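Have a look at the structure below, then the notes.
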Amino acid sequence: MRVILLGAPGAGKGTQAQFIKEQFNIPQISTGDMLRAAVKAGTPLGLEAKKVMDAGGLVSDDIILGLVKERITENDCANGFLFDGFPRTIPQAQSLVEQGVDIDFVVEIDVDDEEIIERLSGRRVHPASGRVYHTKYNPPKVEGKDDETGDELVQRDDDQEETVRKRLEVYQAQTRPLVDFYQDLATQGESNAPRYVRVAGVGSVDDIRDRVLSALKG
């Protein structure tokens with residue numbers, strides 16, 4: 001089972017990725033983890049990537065794709081893999097196709113922008129303990145205060161509405177085109193084309209999990 005998981009920030013990809021990993025016994029592969037592992041191991045690609053990162057540059061698609069191809073040959077990928085945060089761009093997606101890296105399913109967790117803004121901008125955190133609340137879905141007993149200590153709760157900068165809107169704009173501009181790319185690929189009917197599945201990312205976590213797993217088994 002080789003899966004790409006797409007969805008806007010706040011759509012719940014991280015939670016669903018855990019369920020997919022456990023259900024199909026496949027590793028979750030993120031480019032960040034891959035880069036760190038390759039740099040630590042001192043592989044040729046890792047050293048190349050380190051040189052770029054130390055200079056403050058962005059690691060090229062060629063290096064990323066090389067790391068991906070190396071990573072998916074490892075033993076834990078025998079049953080497949082789940083790509084997390086990759087591909088991010090059309091050139092990366094095209095390179096995967098050209099390099100013969102077949103994907104079985106592309107799953108999009110679909111959530112309306114306004115719902116995401118409400119989810120993220122409503123989060124409040126107790127910094128000392130890491131406890132997370134939500135003004136609507138999981139409010140503290142006393143507004144703005146941690147249940148256990150009575151300390152003030154804070155809103156992380158990342159969760160402020162303006163920041164969330166900017167992150168969604170970046171997603172729509174950069175990653176959203178991937179949805180169209182994979183939809184087109186799926187409709188071309190090639191034998192190795194992935195199946196494209198859109199899953200509604202609203203409702204309880206268990207409801208969404210059931211929809212995702214049912215789509216992957218379908």
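Backbone N, Cα and C atoms are what each Cβ position is placed from, and that goes for glycine too.
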(request) Let me know which member of Arg2, Arg36, Arg123 Swiss-Prot also records as binding ATP at the site of Gly10, Ala11, Gly12, Lys13, Gly14, Thr15, Val132, Tyr133, Gly203. (result) Arg123
(request) Could you measure the widest C-alpha to C-alpha distance across Thr31, Arg36, Gly57, Leu58, Val59, Gly85, Phe86, Pro87, Arg88, Gln92, Arg156, Arg167, the residues recorded as binding AMP, and give it to a whole number of angstrom? (result) 31
(message) Using only C-alpha positions, which one of Gly57, Val59, Arg88 is spatially nearest Gly10 (ATP binding site)? These are the binding-site residues in the record.
(response) Arg88
(request) Mind tallying the region 'Disordered' (139-160) by DSSP state, helix then strand then coil? (result) 3 helix, 3 strand, 16 coil
(request) Would you mind ranking the binding-site residues Arg88, Arg123, Arg156 by how many other Cβ atoms sit within 10 Å of each Cβ and giving me the lowest? (result) Arg156
(message) With every protein chain in view, what's the tally of Cβ atoms within 10 Å of the Cβ of Gly57 (AMP binding site), excluding that atom itself?
(response) 10
